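What follows is a set of notes on a single structure, which appears directly below.
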Amino acid sequence: MVTGRRLLPTSPSIVSRSHTAASPIASRPGSPLRGRIRVPGDKSISHRALIFGLLARGETRVENLLEADDVLRTAEAARALGAGVTREAEGRWRVVGAGIGGLREPASVLDFGNAGTGSRLMMGVAGSHPITATFDGDASLRKRPMRRILDPLVRMGATVVSEAPGGRVPLSLRGPRETIPITYETPAPSAQIKSAVLLAGLNSPGITTVVERQATRDHTERMLSHFGATVSVAEEDAGRRIALVGQPDLKGTEVVVPADPSSAAFPLVAALVTPGSEVVVENVMMNPLRTGLITTLVEMGAAIEFMNRRDIGGETVADIRASYGPLKGVEVPPERAPSMIDEYPVLAVAASFAAGPTLMRGLEELRVKESDRLAAVAAGLAANGIAAEISGDDLLVHGTGGKVPGGGLVATHMDHRIAMAFLVMGLASRDPVTADDSAMIATSFPGFAAMMRELGAELS
Ligand code: S3P
């Protein structure tokens, strides 16, 4: 099979963390940030575009795919499961599907690196086909809970052939000859659990239903409809009930990936806290299940403007302008967590510059991200002279009204968002902030440092 990397000499390649020494990176306070930028494509949608391309019949064309390590792992796995995946130009990818029921047994281990989303969604795909697939990843992924995915898949007929202690990767999964449709109430507000069950339901002869108490990002539901499946979403007292008619004829189509709001968060917060800054981030996805950070920043008094709202590929996007100004501490309610789950590290940084305390409630799920983000954020704040307390699942950050000491060395624990969040802090703190390793930034935002420098940031 021809792979994208062979086709284009400048194609992105996967970073292997295990063989490289840590490369620290520091940010320094300096000039204001100014300019207009476009951050890369959304990670959640990019994974799904490749996965749906694999499961569809015919050709899927993806524009503005995020060419970052996590997504490249999903592209490799899609190839191993039988899709033809080629990179035609920067961000433009073509997937020739194997079709539902048509997956091939992978010849070797599916190594997902740092990627929770790619691995978990692919477990739903492979675990609903009569093939054996082995999943593995880096030291961070090897710590993350997979029982939350395996439990419903076992109910759907899959067999866990082997697993690392505690339900972790490396694990081998064998799908049944015929997948059983189930009704599943997700035990945690997780789009990854919901998506794994729905993707498994695609290869089952009946209706698969997922009920979620709190709404989580709905990219899988949207993409199911976009590729021609019949899916209904009902808001009920118990939460959102999503019902999918199994074994649809998914047809290859076009997917245009909007800019990732989770990546946009870094330059936007950087502009809000760095004196004299004004930054516009273009084309940012405004899906309401992803914009909890923006809602919170506006409540904190941030000078944020939305321009040029329009629809692209089934999602609303806007250009967002953020300008420096004073922020005030707020209380962030627990029910907002799913819509900003990846943004708490950078919100904690914004909160450290705000006047007064910020209380973030209901952060339980942060403990099972690429790192224990609750602990990593608290430690990073302490290292930079910010008082913060964890109480149960809540985090209280004592804001300084713009006087963040900085000067700390932050342990990133193989977590890209911890690295980027604290690098934002160092742009406006009194002393520089160092992240112990920059390598993981490539899992979601390979051009982060270059883009921030383009805005005027001092990063090295
Ligand atoms: C994602 C869902 C979230 C999020 C992750 C991407 C997705 O995880 O943290 O970065 O694309 O479905 P959970 O659904 O497990 O909270």
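Just so you know, glycine gets a Cβ as well, placed from its N, Cα and C.
Just so you know, TrEMBL annotations never went through curation; they're auto-generated.
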Listed by TrEMBL with Lys43, Ser44, Arg48, Ser190, Gln192, Lys369 as binding 3-phosphoshikimate, from among Asp342, Asp393, Asp394, is Asp342
Could you round the CA separation between Lys369 (3-phosphoshikimate binding site) and Asp342 (active site, proton acceptor) to a whole angstrom and send it over?
9
Between C-alpha atoms, which of these binding-site residues comes nearest to Arg48 (3-phosphoshikimate binding site): Gly116, Arg144, Arg373, Arg417?
Gly116
Tell me, how many other CB atoms lie within 10 A of the CB of Ser190 (3-phosphoshikimate binding site), whichever protein chain they belong to?
22
In all the protein chains shown, the tally of other Cβ atoms within 10 Å of the Cβ of Asp342 (active site, proton acceptor) is 24
Of Arg48, Arg144, Arg373, Arg417, the binding-site residues listed, which put a C-beta under 6 Å from ligand 1? Please answer none if none do.
none
Within 10 Å of its Cβ, which one of these binding-site residues (Arg48, Lys369) has the largest number of other Cβ atoms?
Arg48
List every residue in the same chain as Arg373 (phosphoenolpyruvate binding site), at least 6 positions away in sequence, whose Cβ is under 8 Å from its Cβ.
Tyr344, Pro345, Leu363, Leu366, Arg367, Asp415, Arg417, Ile418
On average, what pLDDT score does this prediction assign to the domain 'Enolpyruvate transferase' (28-450)?
98
